[in-house]
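The block underneath contains the structure these notes are about, expressed in structure tokens.
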Amino acid sequence: MNNFKRVFLIVMDSVGIGEAPDARDFNDVGANTLGHIAENMNGLNMPTMASLGLSNIRKIEGIEASAQPRAHYTKMQEASNGKDTMTGHWEIMGLHIEKPFRTFPDGFPDELIEELEQKTGRKVIGNKPASGTEILDELGQQHMDTGSLIVYTSADSVLQIAAHEEIIPIDEQYRICEIARELTLDEKYMVGRVIARPFIGEPGAFERTSNRHDYALKPFGRTVMNELKDNNYDVLALGKISDIYDGEGVTESIRTKDNNDGMVQLRKSMDKSFTGLNFLNLVDFDAKYGHRRDPVGYGKALEEFDEQLPEIIEQLHDDDLLIITADHGNDPIHHGTDHTREYVPLVVYHNQIKQAKELPIRKTFADIGATIADNFGIKLPEHGESFLNDIK
């Protein structure tokens, strides 16, 4: 068969499928995102993913292993030194990250906070890991009274700055975040993203606005997306994909509100005539349920995703390729609130499969990028091995 005209890549953010061989190095022995969610739910109901071979990769309670899976399947091990969103996604597109982005479970160093205060002329309050909505309830009034900046982080490598739009105008908020971005380029901080988190409203009824702005790092090298764009292929980035790559290699960015909207936008974008990559990240699994250690919410979100998947599959043309994977784990039964170092599932589907098979375990997420590059006949990434011939 000929090569594929369109590749649809769905990253189920944080949907790991069992501890990686090096889990001990990351304090993640025993982590199993999908397995533990299924146990907690007394079985997951995901008939579509079951038919694609999900439980053939590793037994998952409630999901039957398929005698005749419709898709090729295996699992992938992360090669880079990290377990965060940016590391996982950058590796998928052909990079290898040696130095992990830093996380700040105890807040940011005093030295950084003092520099930020000095350069912005405003005091900092908060400086700890927190939920964005909860920290507004806790510190919003104080911020309005004093004009201090609410600085907080999460389990990811992010520095977030929240400010009321009537207290600190948007332009000043963005300027403050640019200062923070500049300061955190220093290797001793190496923060993945600085995020402006503007809000409005009164105490007890604060509301974050759509004026959020991300100041990411550019990928540390050229990705497969850069090669696609430079060779006049389309790269549609859905959800937070454009932010993760700081817009590099993106020809069109489509924002999404949540997982449900992500699947709606994906479905709509399938009506477009394009040649290249359509890349969607479904962040709710991670942000709403993994970090908050909510296995039931996570399980229900997985089941909803599974319900929406048939519509996507039905819309695939004969020269379309669908790849479903993840970027790391986030086991909601595991200790702490951080990501977990796990294998991730890899499911590869197209309409022309006559006999689906188990693929060899991938030693790097970059095999996906290599396969996409191979398909479109562009420069292969330095890392990764194409499995294109195995799936035709």
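Yeah, the Cβs are placed from backbone N, Cα and C, and that goes for glycine too.
Remember, it's a predicted structure, so these values are computed and weren't measured experimentally.
These features come from Swiss-Prot:
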- D13, D327, H328: Mn(2+) 1 binding site (BINDING)
- D286, H291, H339: Mn(2+) 2 binding site (BINDING)
Cβ-centroid neighbourhood (8 Å) of the Mn(2+) 1 site, D13, D327, H328 excluded: V11, M12, S14, V15, D84, T85, G88, H89, D286, A326, G329, N330, H339, V344
Additional residues surrounding Mn(2+) 2, by Cβ distance to the D286, H291, H339 centre under 8 Å: D13, S14, T85, A155, D156, A287, G290, H328, N330, T337, D338
D13 (Mn(2+) 1 binding site) CB neighbourhood, other CB atoms within 10 A: 23
CB within-chain contacts under 8 A for D327 (Mn(2+) 1 binding site), separation at least 6: V11, D13, S14, T85, G88, H89, I92, N281, V344, F365
H328 (Mn(2+) 1 binding site) and H339 (Mn(2+) 2 binding site), distance between Cα atoms, whole Å: 7
Distance, D286 (Mn(2+) 2 binding site) to H328 (Mn(2+) 1 binding site) (CA atoms, angstrom): 10
Sparsest-packed of the listed binding-site residues (H291, H328, H339) - C-beta count within 10 angstroms: H291
Neighbouring C-beta atoms (10 Å sphere around the C-beta of D286 (Mn(2+) 2 binding site)): 27
